[in-house]
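**Q** Next up is a structure, given as structure tokens.
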Amino acid sequence: MRSDTIKTGFEKAPHRSLLKATGSIVSNNDFKKPFIGICNSYNELIPGHSHLQELGRIAKEEVRKAGGVPFEFNTIGVCDGIAMGHIGMRYSLASRELIADSVETVAQAHCLDGLVCIPNCDKITPGMMMAALRINIPVIFVSGGPMKAGHTPSGQTVDLISVFEAVGQFSAGKIGNEELESIEESACPGCGSCSGMFTANSMNCLSEALGFALPGNGTILAIDPRRNELVREASRRIIDLVKKDIKPRDILSRNALLNAFALDFAMGGSTNTILHTLAIANEAELDFNFSELNALSAKTPYICKVSPATMAVHIEDVDRAGGVSAILHELSRIDGLLDLSTLTVTGKTLGENIADAEILDYTVIRSIDEPYSATGGLAVLFGNLAPQGAVVKTGAVAPEMMKHTGPAKIYDCQDDAIKGIMGDDVKAGDVVVIRYEGPKGGPGMPEMLSPTSAIMGRGLGESVALITDGRFSGGSRGACIGHISPEAAERGPIAALHNGDLITIDIPSRSISVNLTEETINERLAALKPFEPKIKKGYLARYAQMVTSANTGAILKNPVSCEPK
């Protein structure tokens with residue numbers, strides 16, 4: 001066992017003495033058992049994590065019963081909703097790398113034999129996955145589960161996005177203070193990751209398709225007793241994974257990655273999933289190109305429409321309709337779309353995991369014969385405005401905006417854009433451009449939920465597009481094109497735009513362009529002053545110097561590799 005490094009032999013007497021002092025060693029016999037890290041992300045600041053302390057307790061109890069010795073440790077976490085619209089959002093994506101590094105540090109420093117990872121919200125799940133693939137020891141994921149959707153006293157179904165959009169409605173005089181307060185009080189009724197197909201739930205659903213989590217992980221509610229049972233089962237499974245030495249890189253093959261993207265496209269997941277999955281692929285040393293996604297999307301039907309694409313369906317409804325397994329089982333009817341032979345943490349293949357799954361409500365999960373659209377709910381756009389690509393959640397775009405040409409309305413930061421939208425500076429037909437908000441320029445590639453919600457709340461969602469080198473919340477809806485690469489801070493073409501330039505978005509053709517010649521773009525870029533970093537000290541300053549483009553997953557540069565060739 002790896003842990004023998006810190007517990008076996010006379011020379012390790014000091015190590016054993018310290019381990020006994022933790023209280024986790026019940027008897028000397030424990031030194032013969034595998035040491036299992038319970039990697040928790042309990043945090044009283046995040047509603048999706050406020051209940052995880054109890055899940056950690058359950059995990060430790062079950063690991064010990066199954067023959068292991070549990071050691072719980074915590075990671076940091078950021079609530080994207082609370083961090084939205086201020087300096088905090090610049091730390092959100094950057095926190096993913098801190099989480100990955102911290103999990104790596106604890107697991108390697110203490111020679112743990114395996115990990116039970118308990119994440120839930122946006123950056124915590126991918127951060128832990130990146131670490132798992134980097135250190136490559138047996139790991140199983142079991143998330144905290146989604147939040148229930150809310151209901152106002154009048155019976156309206158609401159979620160967090162309803163509150164953001166209500167702010168826009170209130171500022172436009174469309175609703176009063178009483179209605180705003182009613183939505184605020186009702187939207188988030190308890191613990192769990194926000195209730196739609198936002199980034200947290202998207203990643204937790206993808207965990208099943210990747211093979212890292214048990215069936216049900218993505219959809220069983222946080223408050224459902226089955227969630228505790230899932231934790232128990234996962235905590236028992238880790239001991240078997242350690243005994244059989246089944247590691248993350250045994251599970252995450254290129255085809256497992258494609259399975260996850262197929263699920264993502266079928267559910268219209270958050271655009272952030274592309275960013276995170278590319279980063280995960282990098283840690284697994286899988287050769288995967290951003291441009292390959294359109295071909296997969298073209299053969300993946302969009303069969304499960306969930307909030308924010310529709311307020312009629314939330315994750316609890318997907319669970320009731322059969323969950324991720326039912327969606328994957330339905331997709332498996334398409335010849336060659338899924339690789340059902342990929343290994344999972346159950347010890348079985350993906351095909352075996354989903355063999356008995358069935359759709360229980362066709363109004364929630366549609367048949368592949370009657371999809372919402374024949375192609376997936378996410379797409380990658382290319383053109384002279386995004387030579388390295390941009391991402392759009394097609395499933396949340398109004399039909400009227402699938403093709404749009406309009407004049408650019410330029411803002412060099414999100415705050416200015418929000419003021420412009422709220423101040424009636426943006427008119428029907430415009431293309432709002434928010435730039436210098438990429439991984440380097442932001443820094444941290446902040447989400448644009450506040451401006452997109454303001455556009456929707458002010459009734460402009462079917463006439464205004466928004467493009468950015470930043471990113472979007474999984475809750476954003478409308479013609480929102482993000483991750484434009486190269487970013488403005490790297491002198492990408494988006495930095496050459498002037499107010500009034502005509503921008504054409506053609507989602508069916510997967511293109512985004514500006515009506516400028518290459519010569520004009522290059523002349524404008526050459527005339528720009530060097531980019532001046534916005535933050536010059538602390539973690540974000542270091543992050544901005546090391547982060548790469550969105551089309552590579554916004555991973556950090558590794559200037560020196562000590563890995564053997």
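Cβ atoms are placed via backbone N, Cα and C, with glycine included.
What Swiss-Prot shows for this protein is this:
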type	residues	note
BINDING	Asp80, Asp122, Lys123, Glu447	Mg(2+) binding site
BINDING	Cys121, Cys194	[2Fe-2S] cluster binding site
MOD_RES	Lys123	N6-carboxylysine
ACT_SITE	Ser473	active site, proton acceptor
**Q** Can you check what DSSP calls Asp80 (Mg(2+) binding site), collapsed to helix, strand or coil?
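**A** It is helical.
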**Q** Could you state the whole-number distance in Å separating the C-alpha atoms of Asp80 (Mg(2+) binding site) and the residue listed as 'active site, proton acceptor'?
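**A** The separation of the Cα atoms works out to 8 Å.
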**Q** Which of the listed binding-site residues (Asp80, Glu447) has the least company, meaning the fewest other Cβ atoms within 10 Å of its Cβ?
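**A** Minimum Cβ neighbour count within 10 Å, taken over the binding-site residues Asp80, Glu447, occurs at Asp80.
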**Q** Quick one: of Cys121, Cys194, Ser473, which recorded positions lie within 10 angstroms of Glu447 (Mg(2+) binding site), measuring between C-alpha atoms? Sequence order, please.
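**A** Qualifying among Cys121, Cys194, Ser473: Ser473.
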**Q** What's the CA to CA span in angstrom from Cys194 ([2Fe-2S] cluster binding site) over to the residue listed as 'active site, proton acceptor'?
**A** 11
**Q** What are the sequence-distant neighbours of Ser473 (active site, proton acceptor), meaning same chain, six or more residues apart, C-beta distance under 8 angstroms?
**A** Asp80, Met84, Ile161, Phe198, Thr199, Ser270, Asn272, Glu447, Met448, Leu449, Thr452
**Q** Do any residues at least six apart in sequence from Asp122 (Mg(2+) binding site), in the same chain, have a Cβ closer than 8 Å to its Cβ, and if so which, in order?
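**A** Counting only residues 6 or more apart in sequence, the Cβ neighbours of Asp122 (Mg(2+) binding site) under 8 Å are Val78, Asp80, Ser92, Phe198, Thr199, Ala200, Met203, Asn272, Gly474.
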**Q** If you draw a 10 Å sphere on the Cβ of Cys121 ([2Fe-2S] cluster binding site), how many other Cβ atoms land inside?
**A** 29
**Q** What is the set of residues, excluding Asp80, Asp122, Lys123, Glu447, whose C-beta falls within 8 angstroms of the centroid of the C-beta atoms at the Mg(2+) site?
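**A** Near the Mg(2+) site, the remaining chain residues are Val78, Ala83, Ser92, Leu93, Cys121, Thr199, Ala200, Asn272, Ser473.
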**Q** Hey, does DSSP put Glu447 (Mg(2+) binding site) in a helix, a strand, or just coil?
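**A** Glu447 (Mg(2+) binding site) sits in a strand per DSSP.
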**Q** Within 10 angstroms of the C-beta of Lys123 (Mg(2+) binding site), what count of other C-beta atoms is obtained when all protein chains are considered?
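**A** Result for Lys123 (Mg(2+) binding site): 28 neighbouring Cβ atoms inside 10 Å.
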**Q** Please give me the CB contact count at 10 A for Cys194 ([2Fe-2S] cluster binding site), counting all chains in the structure.
**A** 30
**Q** What does DSSP assign Asp122 (Mg(2+) binding site), in three states?
**A** coil
